[in-house]
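These features come from TrEMBL:
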BINDING   GLY89, SER90, THR91, GLY92, THR93, GLY94, LYS95, THR96  ATP binding site
DOMAIN    262-316  domain 'Torsin-1A C-terminal'
SIGNAL    1-22  signal peptide
Amino acid sequence: MAPAALALAVALLGAAPPGAAAAWDLRALRCGLSADCECGFGTDLRGLECDLALSLVGQPLVRQQLMKGLQQFLHGPSPAKPLVLSFHGSTGTGKTYVSSMLVRHLFQGGLGSPYVHHFSPIVHFPHAEHIEQYKENLKRWIQGNLTSCGRSAFLFDEMDKMHPGLIDVIMPFLGPSWVVYGTNYRKAIFIFISNAGGEQINEMTLDLWRAHRDREEISLQDAESAISKAVFENPQSGFWKSGIINEHLIDFVVPFLPLKRHHVKQCVVNELIQQGLEVRQDVVQEVADSIPYFPEEEKLFSSTGCKTVASRISFFF
């Protein structure tokens, strides 16, 4: 392998958890082909549902889609295909928060589990000119880790910044076939996270408000349609002309709605409790008031969701 290509491979594989080299040994291969190797996987759906209800603010469609998808996927011992989720919405609406919550309730160690793998285009795939090498590295990385444990999760952050064409290399791992490259992968979970589609979801929510209707009246079908146009038909999107879309390999599109002022206040209360601080209504009000809202005149929805709540609280204690 050329030095440059080797450096790229090392950069990608450098994100590997300890012991990842064992992915290729015979014991790991038997585990990958076995239906019984769970690799620290434990389903706490009741705990997840409770956590979503108590901690996730203002996202009814997320709770609905996520629990439906997981219940179907985990219903039997042998899923028909991997679970493929795609999260879409503006900054601060809870996409990363929900993905970490999900793996926390499914894997011992949560995001720190050696069977949960996180990819960022900025960190792992920064240079467009190296896309072919990235494809090969990514395919080998997923293949190796699924060989080590078929019950693995793969999180792809910032899909709106992913180089178009790169993600299609994982298509063989997303379908209903039983074995690919000698690996049983139908128990795997893939989560795509993107800000793309957020503007369209926000505009749809504003249109409902202008029609004197509530944001909770947004249907899943309407949200999916808006996301489709913004994400899958955008030449700058990682899903542009993607076979993953054309082959309908995404099981559940999960839309995250913009948050109103009372949602932000709930986030402030939750954060105060989490930090062990006194829940003072004056602090709740001041933190909520310090956050920018849109549109400019009506100021209905938080421009940053709840993303900056934790850092703003520190100014009041």
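In case you wondered, yes, glycine gets a Cβ from its N, Cα and C as well.
Known features from TrEMBL, placed on the structure.
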{"residue": "GLY89", "record": "ATP binding site", "Cβ neighbours (10 Å)": "29"}
{"residue": "SER90", "record": "ATP binding site", "Cβ neighbours (10 Å)": "23"}
{"residue": "THR91", "record": "ATP binding site", "Cβ neighbours (10 Å)": "16"}
{"residue": "GLY92", "record": "ATP binding site", "Cβ neighbours (10 Å)": "24"}
{"residue": "THR93", "record": "ATP binding site", "Cβ neighbours (10 Å)": "32"}
{"residue": "GLY94", "record": "ATP binding site", "Cβ neighbours (10 Å)": "25"}
{"residue": "LYS95", "record": "ATP binding site", "Cβ neighbours (10 Å)": "25"}
{"residue": "THR96", "record": "ATP binding site", "Cβ neighbours (10 Å)": "16"}
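Note: the ATP site is recorded as GLY89, SER90, THR91, GLY92, THR93, GLY94, LYS95, THR96; in the same chain, TYR97, ASN195, GLY198, PHE256, GLY305, LYS307 also have Cβ atoms within 8 Å of that site's Cβ centroid. Residue counts for the domain 'Torsin-1A C-terminal' (262-316) under DSSP, split into helix (H, G, I), strand (E, B) and coil, are 30 helix, 4 strand, 21 coil.
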